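*Asks:* Take a look at what TrEMBL says about it:
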{"type": "TRANSMEM", "residues": "43-63", "note": "transmembrane segment"}
{"type": "TRANSMEM", "residues": "75-94", "note": "transmembrane segment"}
{"type": "TRANSMEM", "residues": "114-138", "note": "transmembrane segment"}
{"type": "TRANSMEM", "residues": "150-169", "note": "transmembrane segment"}
{"type": "TRANSMEM", "residues": "253-274", "note": "transmembrane segment"}
{"type": "TRANSMEM", "residues": "295-321", "note": "transmembrane segment"}
{"type": "TRANSMEM", "residues": "341-363", "note": "transmembrane segment"}
{"type": "TRANSMEM", "residues": "383-405", "note": "transmembrane segment"}
{"type": "TRANSMEM", "residues": "510-531", "note": "transmembrane segment"}
{"type": "TRANSMEM", "residues": "551-578", "note": "transmembrane segment"}
Amino acid sequence: MGCGHKDDKANLASSQIVSFSHQPHQPHSTPASKEVWKKGGRMFSILLAVHLALLACTLVSSGAFEKIAVHDYDVFFLLTVMMLIVIVWIIFYLAGTSRCPGAILCRDSHAGPIWLRGGLILFAIFSLVMDVFKIGYYSSFYSCLSAIKIIYPIVQAIFVVVQTYFLWLSAKDCVHVHLNVTRCGLMLTLTTNLAVWMSAVTDESVHKAHSKLKKNVTEDIFRWLLKAGMRSSSAEECNCNSQICQIFKNGYFWLYPFNIEYSLFASAMVYVMWKNVGRLIDHHSHHIHRLKFRLFRRTFFVGIMLGLIILVSGLGVLVLYEVQVNSSTESSKKTQALTMYYIFNIVCLGLMSLVCIGGSVIYRFDKRDMDRHKNPTRTLDVALLMGAALGQYAISYYSIVAIVASTPRDAISALNLTYALLMIAQHTFQNIFIIEGLHRQPPKEDHKRDSHQKDLYGLTFVNINAVSLRVPDSASTLAPSTAPGAEGIRPAELGRSLTAPRKMNWRRKFLREISMFLLLSNIILWIMPAFGARPQFDNDTELNFYGDSMWPAIVDICLPFGIFYRMHAVASLLEVYIMS
């Protein structure tokens with residue numbers, strides 16, 4: 001279909017025959033016009049998404065300050081309307097578009113892998129629990145709140161359920177009907193998820209700032225500062241004195257990281273669906289690799305055991321950090337907690353950097369071919385890895401400048417400098433390792449060996465000594481039923497082939513160990529900042545250098561990207577593990 005356009009023009013020029021009935025360019029006019037309109041439809045949906053994203057970003061950022069006449073319930077009203085529109089479109093897609101004749105001619109096997117959809121369901125469950133906590137918290141004093149504060153978590157819970165069901169069923173679809181409506185609907189869904197993500201990140205950052213400020217000042221001064229310029233949630237003005245109210249309040253703030261990751265995971269899957277709208281997949285070049293996930297087979301358990309040690313140790317460090325920094329006002333305990341945190345991260349990041357370098361060296365000896373086929377999912381994975389790493393790069397470089405330019409240098413500053421440098425190195429080496437793994441072809445020797453042994457296993461219950469597998473002298477006398485893989489195999493070799501276990505290449509074993517170690521290490525490096533261990537707010541070097549307003553703003557903007565990077569790296573490493 002349209003692949004020979006240039007060849008037709010060349011043949012026409014060489015023969016110089018003008019035939020009105022032939023017209024080589026005419027068969028390609030229809031695909032060309034469709035391609036132009038495809039780009040036009042994409043551009044219209046992108047413009048719609050950009051305008052909605054800018055509107056949501058403006059409201060969310062404006063609602064973060066008390067002096068601006070934009071309240072949090074204004075933001076919730078916009079998000080509620082957007083989620084309701086998305087719910088209506090998803091129902092239309094599932095009930096109408098996907099059931100039209102010829103709607104889904106093909107499916108992208110790379111889009112929406114099972115581990116990504118499983119992670120989406122896990123985050124969706126925690127998001128639903130967060131919505132339940134929100135409803136319980138706001139219902140405790142509904143008489144002094146706007147109704148939208150209670151309606152919003154209810155609509156969000158419905159949105160999470162409907163969207164998760166939609167992505168589980170339709171993540172691989174390549175739609176060929178209602179193209180413009182589908183593109184606009186998917187872009188609206190993408191923008192809604194990003195708007196919910198921005199609102200959650202802002203609420204969490206404001207809550208962290210209020211908690212830190214409330215710990216250092218009295219209650220009267222805290223309320224005065226809220227009125228002076230900081231954002232105060234309308235719930236702050238109501239009394240939450242009951243124990244159940246405090247449980248709901250603390251619970252839904254602890255569950256915010258899961259809701260943040262859910263919005264980003266859903267956005268990535270929706271973007272791949274948007275790229276696949278109107279796409280025709282060439283089944284000759286689009287290889288479908290059915291790989292089985294074997295977690296506890298064909299490994300030395302070194303990567304798993306070392307990763308579990310890092311994970312458990314990190315959880316212990318997180319608990320001690322929370323107790324000594326957030327629950328104590330003594331400077332000595334704060335210094336001990338920061339020292340322990342930096343030492344653990346330096347050791348973890350150093351090991352991860354060395355392991356990534358080793359994995360990249362092993363790839364130099366890997367004989368597998370590079371996968372150069374068109375794959376929107378892999379393109380998005382690489383773009384998200386490179387883009388999300390910029391957030392942690394920015395924080396690290398700001399820290400390096402502040403530490404080097406500051407005159408008083410102590411042990412904490414030295415540890416902080418080492419931590420920042422290793423963070424940059426680890427992100428760089430890990431990106432190289434993951435990108436190389438994603439672009440490798442799956443191993444083929446297992447398939448060949450499986451088919452070879454399958455032919456031989458048919459002779460398991462045959463007397464081997466009575467079977468002659470000698471190759472005939474004449475090729476014409478070879479029976480058609482003779483298995484090609486069984487030519488020239490003697491009975492002794494057949495017995496060894498039947499009893500010998502399948503061996504895995506040593507390179508693949510090491511790559512699997514490396515992938516599993518990095519996966520578990522990235523999980524703990526996601527958990528620690530997501531659940532409160534943020535030394536950027538507790539170390540005085542950056543605060544004194546950049547000021548109390550600039551440095552928290554830098555961290556609030558960049559840290560969510562760094563947290564998302566860790567979780568996306570976990571999903572990518574799981575794919576690398578399975579592909580090895």
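Yeah, the Cβs are placed from backbone N, Cα and C, and that goes for glycine too.
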*Asks:* Give me the stretch from 150-169, 341-363, 383-405, 551-578 with the greatest number of Cβ pairs under 8 Å to the transmembrane segment (114-138).
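*Replies:* Checked against 150-169, 341-363, 383-405, 551-578; highest Cβ contact count belongs to 150-169.
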*Asks:* So if I exclude everything within five residues of the ends of the transmembrane segment (510-531), which remaining residues of that chain have a CB under 8 angstroms from its CBs? That is, six or more out.
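*Replies:* 254, 257, 260, 298-300, 302-304, 306-308, 310-311, 314-315, 317-318, 321, 345, 348, 351-352, 355-356, 358-359, 362-363, 366, 430, 433, 437, 559, 562-563, 566-567, 569-570, 573-574, 576-577, 580.
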*Asks:* Give the nonlocal contacts of the transmembrane segment (383-405) in its own chain as ranges (CB under 8 Å, at least six residues past its ends).
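*Replies:* Answer is 268, 413, 416-417, 420-421, 423-424, 427-428, 431, 434-435, 536, 541-542, 545-546, 551, 554-555, 557-562, 564-565, 568-569, 572.
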